[in-house]
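Visitor: Residues annotated as domain 'DUF112' in TrEMBL: A:19-438. The transmembrane segment annotation in TrEMBL covers A:15-46, A:58-83, A:103-132, A:144-177, A:197-217, A:256-279, A:328-349, A:356-380, A:386-406, A:418-443, A:463-486.
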């Protein structure tokens, strides 16, 4: 208890609270602007923390991380361009809601469920960090491979209409990520002798290209033909979701928060996979799955709860094992190390006070997020008043800056352009974009874990079916694919029947 | 003449004509604008770079801006800096990766494309096993490996990575090079894999093991440098245990070849001031690296010596491509 009181004193100084607030704002801004990503925000914030005391420094970084995770949903909902890969699933229903004039409801819901998800995961982390980290250790390459494969199976739910087109998109995503130096054997793959291709295609750069560039092209084309809708000129009401709406979905929120926390606790997975799994879970267990993809509020609640629940989840391997789950938490780890806080099993013995202070900082960060974003919604919706062609120009500039800053490489700006034009072509061909990003997020983990498992087993596949956990997830993946296939067949049969009867 | 070289020739010719007009009578004192420092990797390399850049800036009187250009095992950043003007305003935070990136075929040029400025730090890899396996020294590990039916599973960061080179050199010196099976892990997951018992031993950095050693879950059997490391004072060196291995990862600063000697001297002196600053000393303690300052000349000799060493080692591992 003494530790907790000391931690309260450390974490609730005006300086520390200010640091969290500042971090949250930076994260929100970088997360919510298409093109700029919160991984970049964290990299920029890191050197600033060197001159600070340990607790405010970590508070600043965690605020940026959490703010960015939440901010990603703003541009996903308003423009259909996710601010972070974790918000890609939010586009599916959030953007249709904006088109129906329900942007503020979607934004308000996203903020509230993000906070609920984040705080839920924090509580889980506090009470069960020892247990969960023990379970996380048991997730070896074979188990993570099976889990990620299960994540891949959500492609089934994302490809409205044609499963084949969804698979094409997913495989494209997987293929793109094989460019560059292979992480296991160190071989150059598909680099064609180019030094720039050795670095591979950056996920964030590709994401900017996939979502923002088609938006820009479409807007310009429509502007030329005079087909653009006039911007909303009337009073834009900033309606907030009702308490009843939240209450009706509390069980869904609880389930998605659990998914997010669980996924976050397993190193090497991260926010995107949690969001997609939660989305597909919500759709599968919905009484009206046909509403998904057309502006269902559950389609916003599920991924937004889950991706913020990841924040608490990733703290488990980060603090108790010293393993960062994704590039963003890797930067948080660097911040901890440089202030002399070495994450790992000894952290809870040697720096108990600091650990409590971290927990408190997370809570403060979520309070800030709730306040800033609920107030901000009134401002955010004004974006919709900007004529689309002007908005497209602004986004174009931001995307070029964003793509460049990810690795300070002009090559990435070209890659963004090329990927964007290809993505536009895919959309024209009726191939969905979301499975591409899913393939890209999961591809490297999927391949790496599979090959590591093969190295461990000496090339025998039995490593996958000897592990009950791996077997469970492989079975679930098979089940999802099977169910999808039978539904598709049944639909086709009933359609044929209808056309015969007609 | 290809179109590209033609354009370059025209630009160069134009530059020559304009040069007398642009040249100031006396060369301005270096530096008169910010210096850009390319950082090749994330993780510890990036953390040290951030602290170093701040201190270098203080010493030089102009800011030093660390710019991250990761990818390709350093290839992207090295290629970028090698192509910049040799005036000292573009420097690279380099490491042994200049040797390994060349020999494994990632970059078409070697260390001679750069002028060394100063060595700044060294990091010593460490070999760890799970506690309670009954292995307390390299000899005990060797005895166990010899008796094993299969091979000893050793975690590394990836094929051709620095941690694999260190492992290979160490296990060869111990005479069990053919009893090893390498497992590639990214993201610093080696301690977790050791704890779970999926691998038997792993070569990684002391900072990653520190917390586990303190909590008694992992044992560090050896470090591969000349001296013990401050972070893990109880871990013996391989040499102390009778195996002749001395490999450390160095980091330092380099500029494109052709940078004027007085500019290199100014940067070298700034590096010396920077590494002696309290902030840098604190970072060294927290991040678990050693400050090893060497001036330009000594640093250059060490890089050349290392180059021959890694060429041989990569050749033995059949990873040498050029």
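Here the Cβ of each residue, glycine as well, is placed from N, Cα and C on the backbone.
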Visitor: I'm checking region-level scores; what's the whole-number mean pLDDT for the domain 'DUF112' (A:19-438)?
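Guide: Mean pLDDT, the domain 'DUF112' (A:19-438): 89.
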Visitor: Using a Cβ distance cut-off of under 8 Å, indicate which of A:58-83, A:256-279, A:463-486 has the most pairs with the transmembrane segment (A:197-217).
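Guide: Looking only at A:58-83, A:256-279, A:463-486, the most contacts with the transmembrane segment (A:197-217) come from A:58-83.
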Visitor: Between the stretches A:15-46, A:103-132, A:256-279, A:463-486, which wins on the count of C-beta pairs under 8 angstroms to the transmembrane segment (A:386-406)?
Guide: A:15-46
Visitor: Determine which residues of the chain contact the transmembrane segment (A:328-349) at the Cβ level, with the cut-off under 8 Å and only residues 6 or more beyond its ends counted.
Guide: 38-39, 42-43, 46, 49-50, 53-54, 57-58, 61-62, 65, 68, 129, 314, 318-322, 355
Visitor: Grab the same-chain neighbours of the transmembrane segment (A:356-380) for me: Cβ-Cβ under 8 Å, and only residues 6 or more beyond its ends, written as numbers and ranges.
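Guide: Distant contacts of the transmembrane segment (A:356-380): 3-4, 6-8, 10-12, 16-17, 20-21, 23-25, 28, 32, 55, 58-59, 62-63, 66-67, 70-71, 74, 78, 103-104, 107-108, 111-112, 114-115, 118-119, 122, 125-126, 238, 240, 311-312, 315, 319.
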Visitor: Does the chain bring the transmembrane segment (A:256-279) near the transmembrane segment (A:463-486), so that three or more CB pairs sit under 8 Å (pairs 6 or more apart in sequence)?
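Guide: These two segments do not touch.
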Visitor: Same chain only, please: residues at least 6 beyond the ends of the transmembrane segment (A:58-83) with a C-beta under 8 Å from a C-beta of the stretch. Say none if there are none.
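Guide: Answer is 11, 16-17, 19-34, 36-39, 41-42, 45-46, 48-49, 52, 90-91, 94-95, 97-98, 103, 106-107, 110-111, 114-115, 118, 207-208, 211-212, 215, 271, 300, 304, 307-308, 310-311, 328-329, 331-332, 335-336, 339, 341, 354, 357-358, 361-362, 364-366, 368-369, 373, 380-381, 383-384, 391, 395.
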